[in-house]
Amino acid sequence: MIFLLLMLSLELQLHQIAALFTVTVPKELYIIEHGSNVTLECNFDTGSHVNLGAITASLQKVENDTSPHRERATLLEEQLPLGKASFHIPQVQVRDEGQYQCIIIYGVAWDYKYLTLKVKASYRKINTHILKVPETDEVELTCQATGYPLAEVSWPNVSVPANTSHSRTPEGLYQVTSVLRLKPPPGRNFSCVFWNTHVRELTLASIDLQSQMEPRTHPTWLLHIFIPFCIIAFIFIATVIALRKQLCQKLYSSKDTTKRPVTTTKREVNSAI
């Protein structure tokens, strides 16, 4: 009878502990810059003094696919006596983005909460380029930047559609390229706008058409002058060499003819003597 009462008392205490134990999160959404560090935090309340030996805390990423994921979060155990389960992730990468489940077990009681981590990389550096289309009065304006998530590109006050494409870098970032081809009005400059919808961030770059424009190919008029010049120079050099050769042959023949009579006269004089 006493044993039964003890069992009932123990079970009642366990239910009370389970009812009192709760897990909360001070922050559900973390938006972190790519490459920086982050600490995801869960708070727990035991209702009394914390028994560190009875606590088990873990942070698990909720995967939507079957690909293996290496958990990179490290539990900061020095925070446990304060009722905090803090998980540190260094140098946040794109693959770290997603939803996480913070699970804390305290004896027979347990509870969990969800945390969401989003990664952003600002399109702060926009590279611009101006290209003159040969044999036309059109130009190609290019804006290119790298960031995350995928940004939208627009060209304000332009009715001509732009050709915008993107690719992924080895780090998982997006390299976005937008090309606009048009006949520019005199004295007008243009700008491209990168709008990152998920993090509500806007970046703008201006393009000055007065700056030096690079032709797509070498000017054809240079070829029209250079090639005939080379041909004429080659013909001139070949003609000079041929004339010089003929002149040398004539001079050699003239000297040979002059020497022969002198030799004959000498032979006749010797015979007479």
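Going from the start of the chain as shown, residues are counted 1 onward.
Glycine too: its Cβ is placed from the backbone N, Cα and C atoms.
According to Swiss-Prot, the protein carries these features:
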SIGNAL    1-19  signal peptide
TOPO_DOM  20-220  topological domain 'Extracellular'
DOMAIN    21-118  domain 'Ig-like V-type'
CARBOHYD  N37  N-linked glycosylation site
DISULFID  C42-C102  disulfide bond
CARBOHYD  N64  N-linked glycosylation site
DOMAIN    122-203  domain 'Ig-like C2-type'
DISULFID  C143-C192  disulfide bond
CARBOHYD  N157  N-linked glycosylation site
CARBOHYD  N163  N-linked glycosylation site
CARBOHYD  N189  N-linked glycosylation site
TRANSMEM  221-241  transmembrane segment
TOPO_DOM  242-273  topological domain 'Cytoplasmic'
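Recorded features from Swiss-Prot, shown on the structure.
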residue	record	DSSP class
N37	N-linked glycosylation site	coil
C42	disulfide bond	strand
C102	disulfide bond	strand
C143	disulfide bond	strand
N157	N-linked glycosylation site	coil
N163	N-linked glycosylation site	strand
N189	N-linked glycosylation site	coil
Counts of helix, strand and coil residues, the domain 'Ig-like V-type' (21-118), according to DSSP:
12 helix, 52 strand, 34 coil
Measuring CB to CB from C143 (disulfide bond), give everything in the same chain under 8 Å that is also at least six residues away in sequence.
I126, N127, T128, V153, T177, S178, C192, F194, A205, I207
Quick check: of the recorded positions listed here (C42, C102, N163), which one has the Cα closest to that of N189 (N-linked glycosylation site)?
N163
Under a criterion of Cβ-Cβ distance under 8 Å and sequence separation of at least 6, what residues of the same chain contact N157 (N-linked glycosylation site)?
none
Can you grab the distance from N163 (N-linked glycosylation site) over to N37 (N-linked glycosylation site)? Cα atoms, rounded to a whole Å.
36
Using the alpha carbons only, what distance in Å do you get between C102 (disulfide bond) and N37 (N-linked glycosylation site) once rounded?
18
Tell me the Cβ contacts of N37 (N-linked glycosylation site) under 8 Å, same chain only and six or more apart in sequence, or just say none.
H88, I89, P90, Q91, V92
Are there any residues in the same chain, six or more apart in sequence, whose C-beta is under 8 angstroms from the C-beta of C42 (disulfide bond), and if so which?
V23, T24, V25, A57, L59, K84, A85, S86, F87, C102, I104, K113, L115
